[in-house]
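Undergrad: Below is one structure. I have some questions about it.
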Amino acid sequence: MTQAADTDIRVGQPEMVTLTIDGVEISVPKGTLVIRAAELMGIQIPRFCDHPLLEPVGACRQCLVEVEGQRKPLASCTTVATDDMVVRTQLTSEIADKAQHGVMELLLINHPLDCPMCDKGGECPLQNQAMSNGRTDSRFTEAKRTFAKPINISAQVLLDRERCILCARCTRFSDQIAGDPFIDMQERGALQQVGIYADEPFESYFSGNTVQICPVGALTGTAYRFRARPFDLVSSPSVCEHCASGCAQRTDHRRGKVLRRLAGDDPEVNEEWNCDKGRWAFTYATQPDVITTPLIRDGGDPKGALVPTSWSHAMAVAAQGLAAARGRTGVLVGGRVTWEDAYAYAKFARITLGTNDIDFRARPHSAEEADFLAARIAGRHMAVSYADLESAPVVLLVGFEPEDESPIVFLRLRKAARRHRVPVYTIAPFATGGLHKMSGRLIKTVPGGEPAALDDLATGAVGDLLATPGAVIMVGERLATVPGGLSAAARLADTTGARLAWVPRRAGERGALEAGALPTLLPGGRPLADEVARAQVCAAWHIAELPAAAGRDADGILAAAADETLAALLVGGIEPADFADPDAVLAALDATGFVVSLELRHSAVTERADVVFPVAPTTQKAGAFVNWEGRYRTFEPALRGSTLQAGQSDHRVLDALADDMGVHLGVPTVEAAREELAALGIWDGKHAAGPHIAATGPTQPEAGEAILTGWRMLLDEGRLQDGEPYLAGTARTPVVRLSPDTAAEIGAADGEAVTVSTSRGSITLPCSVTDMPDRVVWLPLNSAGSTVHRQLRVTIGSIVKIGAGS
């Protein structure tokens, strides 16, 4: 069970109190609730409204106990333990037992007999406690109260008001944890019910948690409703693949098909919460375009159609093509692969292909970022943890919007601000809704001005806070697009002594970094340029030497492929639309003589590949993700045996391919990869210095122009959300954000259409007038009607044209 919400024993030795429960003395920290003290003794007091991560409310009254000296039973979930208190639970007190039976009878008066068809049946606290702490029959003979059922809270959450027992778990979660007022208690007395605000848009990223913590079947998920009973399902622990938060999850499946995912209980990471994307976006792995067999070009013709073939034949064709291009092959690895798979790509590139041309950053990036990662992040023990965020004297965010880019970081920062008064500052163009929910403070900055803003913080009130032990600076991957941004963040950390954390958006990026999938890094954060580091890797891999010259980054690989300097590409799980210029990526693939793709589903990359190998989704393979903290999150396959897909883990495909090329890769299993990585360990030598890139400062747009800024929303047009229409239904409405003066300059009013354009395309969306710097325009990067990279062919920091109308 997660640490009780009412107890804070983080610092020093807590003051203790001693009480007696059912005749047994127990000492607990001062402030502990009676219900928690009973739990420590193994006594389970029935309850519905109580939740260890929510503030106590005493709404359901089911946890009544007898307390010596009190005139009537007290709710144990709101009663604080005190010295010499004597408590008797339902196990030893007839008064407590009778009170609990009476409350249960009242709760069941209007509760429908839906158990045979209710989704909660079989895992329902009300069902279980009605049996253990309720009457065997009902004395109520009148007609039960009824409501229309169900009503839509959102596209993915349904409310059955007849089943609701008014425990207020859902409303407290929305208010206390998520900060989204999407559900509340309405009316009073016998008319009281849970409802939504008619004039408020439903825009919570965390609504699915209310379904999970509902103690009855009042809140259900649209996608799972009437699909299965809990006792029909097999449950497997898993790890979320959608972002770098590293959430523990539970995957429930039946007959080889995943039916639902729930948040796992991990107090050190996601506590008991997850975001809606992690909960519901899993159907992408069962779409009709999933690749189920290896593919090659018909008759070996580069322009021929892709046709199914055997694994052995596909291996032979791929081995022949890659062997012919040895030393002239680039490796592009997406940021979604596991730690072990990334290691296999890094090792395959070096010893099988003889190249350091490998990069996991299939997105806008920079050489400065590579230097920053090598100097500050790779091969280092966990510098900042989730717990550190709660105890920090200050947290500074730059190039990072946690609610959209790492939702569990957002929840932890909101908790830190709300419960521990941790001040959160962000360097950004405007204050987002997420920042308001964290009670955060904005350091308003023009895109490109982040380095100057960071330098200015070295002195003053914020600088003093950052100089306090435990202070944290969190940088997102978007800061890589600002020249001098990461250098300034590192400089500020050095000046103040603050700890530095890097939060990528994708689940596999930190693991790929630690695995050495960068052109200048070897596994464990070893610098490629260091002779000792290369010697260590050579010894571990049982080879004489490694290629010593620094390789090309992703942009360099694509440019070299486009001009035919490179003869082949090995591509693992990239999306061209993630790059600033998707057309350039596709042109590079078209120009490459030989392309091997390892992919889950058909894509623009597989259409251009000469050999395609199907790879398995996370539900069908073992592996590990490394989250933003540097914490290793291992998982086993949830689905075993025969399924619809015949894909293998990337490392198994690469191991077999290396064998066909006459090279022993040595990673046929995740255990083998982990053993090698453990033997190598992290680099204990000198890390590269840097980065030291000078800032160029923000550009100056003319009238009718603006600097583009933006980020990807959590719920957008990403392919990992394919097949989940209910989730897409609650994505936030895409808008163009402009300052009042900029909107007036182009003659646009709030809500009117604004067009953002370049010489290569345009985007038209409603205008949202926002308090932000002038001649700056914000767009969601990959939402419906606003796929910036595909439509504009530029990325953030570029100058674009803006105008009213379409």
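Each residue, glycine too, has its Cβ placed from N, Cα and C.
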Undergrad: In Swiss-Prot, the residues Cys240, Cys243, Cys247 are said to bind [4Fe-4S] cluster 3. Which of Cys170, Cys275 is said to bind at that same site?
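TA: Among the candidates, Swiss-Prot records only Cys275 at this [4Fe-4S] cluster 3 site.
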Undergrad: For the [4Fe-4S] cluster 2 site that Swiss-Prot describes with Cys164, Cys167, Cys170, which of these is also annotated: Cys124, Cys214?
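TA: That [4Fe-4S] cluster 2 site, as Swiss-Prot gives it, pairs Cys164, Cys167, Cys170 with Cys214.
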Undergrad: Name the residues of the same chain, 6+ apart in sequence, whose Cβ is under 8 Å from the Cβ of Cys164 ([4Fe-4S] cluster 2 binding site)?
TA: Gln193, Val194, Val216, Ala218
Undergrad: For a quick check of understanding: among the binding-site residues Cys115, Cys170, Cys240, Cys243, which residue's Cβ has the most other Cβ atoms within 10 Å?
TA: Cys240
Undergrad: Do any residues of this chain, six or more beyond the ends of the domain '4Fe-4S His(Cys)3-ligated-type' (95-134), have a C-beta under 8 angstroms from a C-beta of it, and if so which?
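TA: Here the qualifying positions are 46, 48, 60-66, 73, 88-89, 140, 144-146, 160, 162-163, 165, 214-217, 220-221, 224-226, 229-231.
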Undergrad: Could you check which of the binding-site residues Cys77, Cys167, Cys170, Cys214, Cys243 is the closest Cα neighbour of Cys124 ([4Fe-4S] cluster 1 binding site)?
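TA: Comparing Cα positions, the closest of these binding-site residues turns out to be Cys214.
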Undergrad: Tell me the residue counts in helix, strand and coil for the domain '4Fe-4S His(Cys)3-ligated-type' (95-134), as DSSP assigns them.
TA: 23 helix, 0 strand, 17 coil
Undergrad: Quick one: of the binding-site residues Cys60, His111, Cys170, which has its CA closest to the CA of Cys247 ([4Fe-4S] cluster 3 binding site)?
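TA: Ranked by Cα distance from Cys247 ([4Fe-4S] cluster 3 binding site), first place goes to Cys170.
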Undergrad: Counting by DSSP secondary structure, give me helix, strand and coil numbers for the domain '2Fe-2S ferredoxin-type' (15-93).
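TA: So the domain '2Fe-2S ferredoxin-type' (15-93) is made up of 7 helix, 23 strand, 49 coil.
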